[in-house]
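Take a look at the structure set out below.
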Amino acid sequence: MFITFEGIDGSGKTTQSHLLTEYLSKIYGVNNVVLTREPGGTLLNEAVRDLLFQAKGLDSLSELLFFIAMRREHFMKVIKPSLMQKKIVVCDRFIDSTIAYQGYGQGIDCNLICQLNDLVVDMYPDITFVIDVDVHESLSRSCKNGYEFAELEFYYRVRNGFYSIVEKNPHRCHIITDNNEICDIDGINLIHLKIVKVLQMV
């Protein structure tokens, strides 16, 4: 099974991917569940990730092509081999983030993004959880308190992009709304509980 987590920066998707991995590992064993992420997932990709995040003035198409090349490396070295071994793969970001950020956010043709993605991978996730959170809240969590209007507009476009992706892929995409209610009275993460319930029904 291939499970992905999506959402804008600061949505809490990384936390949820770790929590679900811990949950599944208790059921299926730690050796049968793989947690990975994009961009990254391999030693080479992690090094390139650091360079990309430090890069100044990289145009959006160049950035997209880097991400696509990194996805090929990640898919062939980590994701596909793990799935072939019948392991569960939990991935923090995948193709939907590319569509939302580079497509809806930066204005690159979404059809081009999908065509490039189809060149480098031959399968899509079985289940995708999109953690939805208010843009102002997400930027606050990301410590971007000094954000400008242009940045705010960008994240609204990205968030709307995720909505569109979910609408077009109801068979695999599930929106999990984060109403800023992190834990219940027993200290259990409420978003995690929502995710587990959806997973149990699939």
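Just so you know, glycine gets a Cβ as well, placed from its N, Cα and C.
Feature annotations, courtesy of Swiss-Prot:
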- Gly7, Ile8, Asp9, Gly10, Ser11, Gly12, Lys13, Thr14: ATP binding site (BINDING)
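Taking the centroid of the Cβ atoms of Gly7, Ile8, Asp9, Gly10, Ser11, Gly12, Lys13, Thr14 as the ATP site, the other same-chain residues with Cβ within 8 Å of it are Ile131, Val133, Ser138, Arg141. Highest local Cβ density among the binding-site residues Asp9, Gly10 belongs to Gly10, counted as other Cβ atoms within 10 Å over all protein chains shown. Cβ neighbour count within 10 Å across all protein chains ranks Gly7 highest among the binding-site residues Gly7, Gly12. Each of the binding-site residues Ser11, Thr14 was scored by other CB atoms within 10 A of its CB, and the lowest score goes to Thr14. Proximity of Ile8 (ATP binding site) to non-local residues of its own chain (separation of 6 or more, Cβ distance below 8 Å) is seen for Ala100, Val133, Val135, Ser138, Tyr155, Val158, Arg159, Phe162, given in sequence order. Around Lys13 (ATP binding site), the same-chain residues six or more apart in sequence whose CB sits under 8 Å from its CB are Phe5, Glu6, Gly7, Asp92, Arg93, Phe129, Ile131, listed in sequence order. In the three-state DSSP assignment, the secondary structure recorded for Asp9 (ATP binding site) is coil.
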